[in-house]
Amino acid sequence: MELIRVLANLLILQLSYAQKSSELVVGGDECNINEHRSLVAIFNSTGFFCSGTLINQEWVVTAAHCDSKNFKMKFGAHSKKLLNEDEQIRNPKEKFICPNKKNNDVLDKDIMLIKLDSSVSNSEHIAPLSLPSSPPSVGSDCRIIGWGSITPIEVTYPDVPYCANINLLDDAECKPGYPELLPEYRTLCAGIVEGGKDTCGGDSGGPLICNGQFHGIVSYGGHPCGQSLKPGIYTKVFDYNDWMKSIIAGNTAATCPP
């Protein structure tokens with residue numbers, strides 16, 4: 001059974017007290033310290049469990065299934081051991097999940113918008129990534145980013161986030177591996193058909209960046225990660241642009257597209 005990316009990490013937390021970080025990009029390389037300025041680490045007392053994307057100084061976008069009590073967000077992080085001087089930590093002030101989301105369907109509208117308790121400042125390692133101006137095209141070059149396990153089964157945690165290059169695939173290429181996916185889920189399929197590069201458990205909520213734009217949110221995938229014919233599934237950000245812009249503008253009663 002395919003698993004929501006964060007659930008695999010929660011199981012690991014139960015099995016091993018020492019390994020508390022989230023899982024992440026399989027088949028990647030160490031990210032450059034300056035290439036993930038919009039990446040947000042979402043964490044609690046057990047460690048990182050999800051990621052998010054800073055879209056302006058006061059708002060973060062992540063997956064709805066990352067919602068949890070008592071979490072914080074870290075901005076400008078790279079190494080877990082060596083702090084950047086410009087790292088900043090914020091709490092959520094308000095959280096918005098689509099009011100028309102089906103609560104018993106984890107794949108439906110897997111997106112959450114978070115207002116910070118205070119704005120963050122742009123710095124050498126912190127900068128927002130704006131919402132996409134147009135939908136992505138099949139075949140686009142995409143980048144995935146995250147902290148955690150760099151192996152799909154035996155957990156191996158790196159100190160810094162890893163990155164990998166993948167491609168946006170046609171939905172028809174994903175359908176055989178995910179017969180449960182429905183068009184109304186508003187998702188993107190991205191990865192390598194032959195496998196080997198993928199996001200993984202705990203990478204949930206992090207960005208899929210295609211041609212320099214924030215197009216997807218890590219949501220769903222096969223387990224183990226990186227299987228052939230089971231690319232990653234990402235919430236399609238563009239379809240929720242109007243909802244997010246309405247919330248940010250103050251219309252907190254706005255609903256998501258059906």
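Cβ coordinates come from backbone N, Cα and C, glycine included.
According to Swiss-Prot, the feature signal peptide maps to 1-18.
Under the heading domain 'Peptidase S1', Swiss-Prot lists 25-249, citing sequence analysis as support. Mean model confidence for the domain 'Peptidase S1' (25-249) is a pLDDT of 93.
In sequence order, VAL25, GLY28, ASP29, GLU30, CYS31, ASN32, GLU35, HIS36, ARG143, ILE144, ILE145 constitute the residues six or more apart from CYS163 (disulfide bond) in its chain with CB-CB distances below 8 Å. Per Swiss-Prot, the feature disulfide bond maps to CYS31-CYS163 (among others); the stated evidence is sequence analysis.
Per Swiss-Prot, the feature N-linked glycosylation site maps to ASN44; the stated evidence is sequence analysis. Around the Cβ of ASN44 (N-linked glycosylation site), the number of neighbouring Cβ atoms within 10 Å comes to 14. DSSP assigns ASN44 (N-linked glycosylation site) to a strand.
Swiss-Prot lists CYS50-CYS66 (among others) with the feature disulfide bond. A strand conformation is recorded for CYS50 (disulfide bond) in the three-state DSSP classification.
Mapped onto three states, the DSSP output places HIS65 (active site, charge relay system) in helix. What Swiss-Prot records for HIS65 (among others) is active site, charge relay system.
Sequence-distant neighbours of CYS256 (disulfide bond) (same chain, 6+ residues apart, CB-CB distance under 8 A): CYS98, PRO99, ASN100, LYS101, LYS109, ILE111, TYR240, TRP243. The disulfide bond annotation in Swiss-Prot covers CYS98-CYS256 (among others) and is backed by sequence analysis.
Positions annotated as active site, charge relay system by Swiss-Prot, on the basis of similarity to another entry: ASP110 (among others). DSSP assigns ASP110 (active site, charge relay system) to coil in the three-state reduction, outside any helix or strand. For ASP110 (active site, charge relay system), other Cβ atoms within 10 Å of its Cβ number 28.
The Cβ of CYS210 (disulfide bond) has 23 other Cβ atoms within 10 Å, all protein chains considered. What Swiss-Prot records for CYS142-CYS210 (among others) is disulfide bond, and it gives sequence analysis as the kind of evidence.
The feature disulfide bond is assigned by Swiss-Prot to CYS174-CYS189 (among others). DSSP assigns CYS189 (disulfide bond) to a strand segment in the three-state reduction. Within the same chain, residues at least 6 positions away in sequence whose Cβ sits under 8 Å from that of CYS189 (disulfide bond) are LEU168, LEU169, ASP170, ASP171, GLU173, CYS174, PRO231, GLY232, ILE233, TYR234.
Classification of CYS200 (disulfide bond) by DSSP places it in coil, neither helical nor stranded. Annotated disulfide bond per Swiss-Prot: CYS200-CYS225 (among others), in sequence order.
Feature annotation from Swiss-Prot assigns active site, charge relay system to SER204 (among others). The local packing around SER204 (active site, charge relay system), expressed as other Cβ atoms within 10 Å of its Cβ over all shown chains, amounts to 32.
Taking the Cα atom of each, CYS50 (disulfide bond) and CYS210 (disulfide bond) are about 20 angstrom apart. Cβ contacts within 10 Å of CYS66 (disulfide bond), excluding its own Cβ and spanning all protein chains shown: 27. Listed recorded positions near ASP110 (active site, charge relay system): HIS65, CYS66 (candidates ASN44, HIS65, CYS66, CYS142, CYS225; Cα-Cα distance within 10 Å).
The subset of recorded positions (ASN44, CYS142, CYS200, SER204, CYS210, CYS225) lying with their Cα within 10 Å of the Cα of CYS66 (disulfide bond) consists of SER204, given in sequence order. Taking only the Cα positions, the spacing between SER204 (active site, charge relay system) and CYS225 (disulfide bond) is 13 angstrom.
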